[in-house]
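A.B. asks: Before we start, here is the structure in question, set down as structure tokens.
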Amino acid sequence: MTKIKIVTDSSVTIEPELVKQLDITIVPLSVMIDNVVYSDADLKEEGKFLQLMQESKNLPKTSQPPVGVFAEIFEDLCKDGGQILAIHMSHALSGTVEAARQGASLSTADVIVVDSSFTDQALKFQVVEAAKLAQEGKDMEAILSHVEEVKNHTELYIGVSTLENLVKGGRIGRVTGLLSSLLNIRVVMQMKDHELQPMVKGRGTKTFKKWLDELITSLSERAVAEIGISYSGSDDWAKEMKESLQAYVEKPISVLETGSIIQTHTGENAWAILIRYHS
């Protein structure tokens with residue numbers, strides 16, 4: 001039976017042991033901080049990137065992996081035959097998925113590239129489910145069908161404590177209906193249809209707490225498969241959210257620091273709640 005290999009990009013927020021256990025290949029993006037280019041793979045140590053960003057004169061810039069890197073990785077993974085399923089962050093956030101498609105067309109490997117519509121742990125949900133099915137020996141059609149199912153039952157919510165990074169990074173245009181002049185404002189957004197859509201905004205910590213209470217009310221009526229919480233900066237609020245949410249899902253909630261790619265755009269003291277519902 002043909003082995004299917006799973007590839008994703010480093011905007012995914014995932015436990016290193018899962019990557020190893022499920023044999024997932026992660027293609028790193030790069031980040032430029034004050035004219036020094038770092039591979040995202042070298043910035044995974046807790047708090048390392050945030051410190052570099054705080055000390056930098058300018059906002060870091062992220063770059064998608066080069067097309068040639070994708071082509072080489074795909075070629076290498078298929079030396080012994082087999083197929084590749086590459087699942088990447090939304091095209092609205094980065095040109096990574098397009099670079100993967102171009103890399104696939106340059107290689108002789110049998111590659112299918114999927115836009116996850118998400119990033120962070122919401123991307124992880126699709127990648128992990130695909131990798132589990134690949135290890136079970138399922139065919140590409142079955143895996144793609146399940147990945148689509150996971151995508152359609154996933155929600156991504158993000159809270160930021162400042163809009164400064166989103167504005168400077170040019171991402172504010174993709175956040176509909178927010179005035180970029182309101183920089184120091186707390187905003188909760190949902191990523192839906194490749195767009196960040198504001199849900200609530202306000203100036204104090206109550207903004208986040210009130211929204212969380214509303215989310216909890218809605219969760220009590222739904223069958224939740226898993227929840228992930230990601231954060232930038234202090235993990236205090238992330239832990240508080242975990243305590244409030246764990247009762248609504250059987251599987252332990254994973255609380256993880258998000259990577260440099262996401263932190264560049266969200267700034268410090270940002271968080272995300274990623275929810276996958278049962279189909």
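Just so you know, glycine gets a Cβ as well, placed from its N, Cα and C.
This is the feature table in Swiss-Prot:
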- 4-277: domain 'DegV' (DOMAIN)
- T62, S94: hexadecanoate binding site (BINDING)
A.B. asks: With every protein chain in view, what's the tally of Cβ atoms within 10 Å of the Cβ of T62 (hexadecanoate binding site), excluding that atom itself?
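C.D. replies: T62 (hexadecanoate binding site): 22 neighbouring Cβ atoms within 10 Å.
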A.B. asks: Tell me which residues of the chain lie with their Cβ under 8 angstroms from that of S94 (hexadecanoate binding site), as long as they are six or more apart in sequence?
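C.D. replies: Expected: D9, S11, L29, T62, Q64, I261.
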A.B. asks: According to DSSP, which kind of secondary structure is T62 (hexadecanoate binding site) found in, if we only use helix, strand and coil?
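C.D. replies: Its secondary structure by DSSP: strand.
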A.B. asks: Mean pLDDT over the domain 'DegV' (4-277): what is the value?
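C.D. replies: In the predicted model, the domain 'DegV' (4-277) has a mean pLDDT of 93.
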